[in-house]
C-alpha cells in the first residue's frame, strides 16, 4: 500500500532548505568517496598489470606487496562501508525522517491507497 | 559408503528442505508484492544472507578457488573486484532504489520517462543479462556432476541440467521471492560453514602460519614466487600489453557491474525500508568479504596440499580444487572416512550454491517479463495484480525451459565467459541508466533508451568479435576464427560507450520533466511515498 502524494508536495520539499541540506550532505560524502575507492581499486588493478616487480616485493616471509595490497582492498571496503553507515545514521537519517514524517502527518492533499 | 552416494544423500536433504520451504512460501504468496518482493518483510540480516546466497555462485566458490590453485594470485584479483563492487551498490544505489522503485529495475528507470520504450529496453536487458548468467551456471552444473559425482556420460550431464532447471522452476513458480530468498539464506549459511570449516582445517595443518602455507603453495605449484603475484592467467607476459589492458577491462566490469545486475537490484525491494536495504548490503559486504578471504586460503591450500598438477589433471579449469582439498585435509586429519565425508559435504554445498543462484536469476527475468513487458508494454498498465502474477509464473516456467534447452545445446561449448559478459553488460547499459536516473535532472527517455541499448549492444558485439568466441583454442567456437579485437573483456570500451550514449541521447532530446525529477529525488532520499511492507 502506498500513499500517493500530490506532485506539488515533492516540488515544495525539493525547494526547501532542509532537503537541500540533506541532498548536499548525501552527495558531498557519497560522490567523492565513490571516486576515491574506484581510483584506489584501479590503482591496484593497474599495478597488478604493469608493476609486477614492485607487487612481487617480499615484505615478510612469503607475504609480498601484492597480497598486502589485495588484503588492504578488503580492509578499505569494510571501513568505507562502516563509515558510510555511521555517516548516514548521524547526518542523513534524522533529516530524512523529519521530512518524511512531517509531510506524511500534515499531508492533506491526494491521500489514498494505490 | 562412497562419497558420491553420501553427496547425493546430502544434496537430496537440501532439496527436500528447500522444497518444504517453497511450499510453505507458496501458501504465503498471494499479492504481487509477495511474489516479486517477498512482501518486503525480510530483515536486514536475512536479506544480507540472501544477497550472499544470490551472489556467491559456483563460479566464485569453485571457480575462484580453482583459479588460485592453478594460477595463483590472479584468482584473488577476481574476488577483489566482486567485493569492492558492493560499495557502488551501498553508496549510490541500494537505498535510493528501495525508496523509488517497486518490483523491478525498470521501475526506477521509467519513473520520469515515457514508460513503454524504457521498460522495453530495461526488460530486454534484464532478460539478456539473466540468461547469460543462467547459461554459464547451468552448463557449469552439468560439468560439475561429472567431476563430483563421477557421472561422465553425456546423458548424465543432460539429466543434471534438466534436474537443476526443473528445481529452479519449482522454487520460483511456487515460492516466488519468498521461497527463493529462503533457499538463498539456507545456501549462504551452508556455504559459509563449509568454507570456514575447510579453511580452519587447512590453516590448522600449517599451524596458522600463512607465510608457510604460501611458501608450500608456491613450491608445489612448480612456478615459485610468480605463483604469489599477478600475471599467470590474466595479462601474461605472452599476451603483452593487450593482455594487461584486458585485465583492467575485466576489473572495470567487475567493479561497476554488480550494481547493475537485475537479480541483485531486486533484492533491495525485499526489506521494509531503505535503512534495512542499507543494513542488508552491510551484512552482504561482511559475508561476501569473509567468504572471498576464505577462498584465498582454499585456493592456496589446494595448491600446497593437493598440488596444482593433480588439480589440473582432474579438471583443466581447476573447478575441483576445493572438493579435492576437502577430501585431502579430511583424510589427513580424520582418516579415509573423514575425507569421504568432507568431500561429500563440499560437493553438496556446490550444488546447493548453483540452485540458489539460478533461482534468483530466473526470478529476476520472469519478474521483469511480467511487470515490465507484459503489464506496462503490452497491456499499457491495465493488467491486474492477479494477471501479473500469473504471467510471472508462466514466464518463470518458459524462461526456465528455454534456459534448459540452451544449456543442453551449449554444454559442450566453453561458455564460462558469459558470467563476465553479464557483468560487462550490466556495467555498460544498466548502471549508466540507473545513475543518470537517480542523479541527473536533465536525463530523459531518449537518454535511458540509448544508454541501455548502447551499452548492451556494444558489449555483446565486442565479445562476438573477441578471442573468447573464436580464434583461440579456449574459445566458444575454437575451430572458427572471426575475431577482430584482442580483448576478451569489452568493459573498457563498452562502459564509456554506455555512459556516452546516455549523455548524447539526453541532450539531443528536448524532453524533460521537472516535477517528476522532484518526485524521484525527494522520494529516493527521504523515502516519502515509498512502497510499504505488506503484513500477514
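Quick reminder: no glycine exception, Cβ is built from N, Cα and C everywhere.
TrEMBL does not curate its annotations; it predicts them automatically.
Long-range contacts of the transmembrane segment (B:6-26) within the same chain, counting only residues at least 6 positions beyond its ends with a Cβ under 8 Å from a Cβ of the stretch, are 148-149, 167, 170-171, 174-176, 178-179, 182-183, 186, 190, 340-341, 343-345, 347-348, 351-352, 355. Taken from TrEMBL, the feature transmembrane segment applies to B:6-26 (among others).
According to TrEMBL, the feature transmembrane segment maps to B:47-70 (among others). Below 8 angstroms of C-beta separation, residues 76, 78-79, 82, 136-137, 140-141, 144, 181, 183-189, 191-192, 195, 221, 233, 258, 263-264, 267, 270-271, 276-277, 279-284, 286-288, 291-292, 295-296, 298-300, 302-303, 306, 308, 311-312, 315, 317-323, 325, 349-350, 353-354, 356-357, 360, 416, 419 of the same chain, each at least six residues beyond the ends of the transmembrane segment (B:47-70), sit close to that stretch.
As annotated by TrEMBL, transmembrane segment applies to B:76-97 (among others).
Taken from TrEMBL, the feature transmembrane segment applies to B:118-151 (among others). Panel annotation: around the transmembrane segment (B:118-151), residues 4, 7-8, 57-59, 62, 104-106, 109-110, 157-158, 160-161, 164-165, 261-263, 314-315, 319-320, 323, 347, 350-351, 354, 357-358, 361-362, 364-365, 368-369, 372-373, 376-377, 399, 402-404, 406-407, 410-411, 413, 415-419, 421-422, 425-426, 429-430, 433, 445, 448-449, 452-453, 456, 460 of the same chain, lying at least six beyond its termini, place a Cβ under 8 Å from a Cβ of the stretch.
Taken from TrEMBL, the feature transmembrane segment covers B:157-176 (among others).
Through the fold, the transmembrane segment (B:188-208) approaches residues 14, 49-50, 52-53, 56, 61, 216, 287, 290-291, 294-295, 297-298, 301, 304-305, 322, 325-326, 329-330, 332-333, 342, 345-346, 349, 352-353, 356 of its own chain, all at least 6 residues removed from its boundaries and within a Cβ separation under 8 Å. The transmembrane segment feature in TrEMBL is assigned to B:188-208 (among others).
Sequence-distant contacts of the transmembrane segment (B:281-306) (same chain, six or more residues past either end, CB-CB distance under 8 Å): 44-45, 47-49, 51-52, 55-56, 60-61, 64-70, 72, 75-76, 79-80, 82-83, 86-87, 89-90, 94, 188, 191-192, 195-196, 198-199, 202-203, 205-206, 210, 213-214, 216-217, 219-221, 227, 321-322, 324-325, 328-329, 332. Annotated transmembrane segment per TrEMBL: B:281-306 (among others), in sequence order.
Here TrEMBL flags B:341-369 (among others) as transmembrane segment. Listed by sequence, the residues of this chain that lie at least six past the ends of the transmembrane segment (B:341-369) yet keep a Cβ under 8 A from its Cβ atoms are 3-4, 6-7, 10-11, 14-15, 18, 35-36, 53-58, 61-62, 103-106, 122-123, 126-127, 130-131, 133-134, 137-138, 140-141, 144, 148-149, 164-165, 167-169, 171-172, 176-177, 180, 183-184, 186-188, 190-191, 194, 197-198, 262-263, 266-267, 322-324, 326-327, 329-330, 334, 391-393, 395-396, 399-400, 403.
As annotated by TrEMBL, transmembrane segment applies to B:390-409 (among others). If you look at the transmembrane segment (B:390-409), the same-chain residues 6 or more away from its ends with a CB under 8 A from one of its CBs are 35-36, 127, 130-131, 134-135, 138-139, 142, 158, 161-162, 165-166, 168-169, 172-173, 176, 358, 362-363, 365-367, 369-371, 374-375, 383.
What TrEMBL lists as transmembrane segment is B:415-439 (among others).
Per TrEMBL, transmembrane segment is recorded for B:451-470 (among others).
According to TrEMBL, the transmembrane segment annotation covers B:490-508 (among others).
Ranked by the number of CB pairs under 8 Å to the transmembrane segment (B:451-470), the listed stretches B:76-97, B:157-176, B:490-508 are led by B:490-508.
Same-chain neighbours of the transmembrane segment (B:76-97): 55, 60, 64, 67-68, 105, 108, 230, 234, 247, 250-251, 254-259, 264-265, 268-269, 274-275, 277-278, 280-282, 284-285, 288-289, 292, 295-296, 299, 431, 434-435, 438, 524-525, counting only residues six or more beyond its ends whose CB sits under 8 Å from a CB of the stretch.
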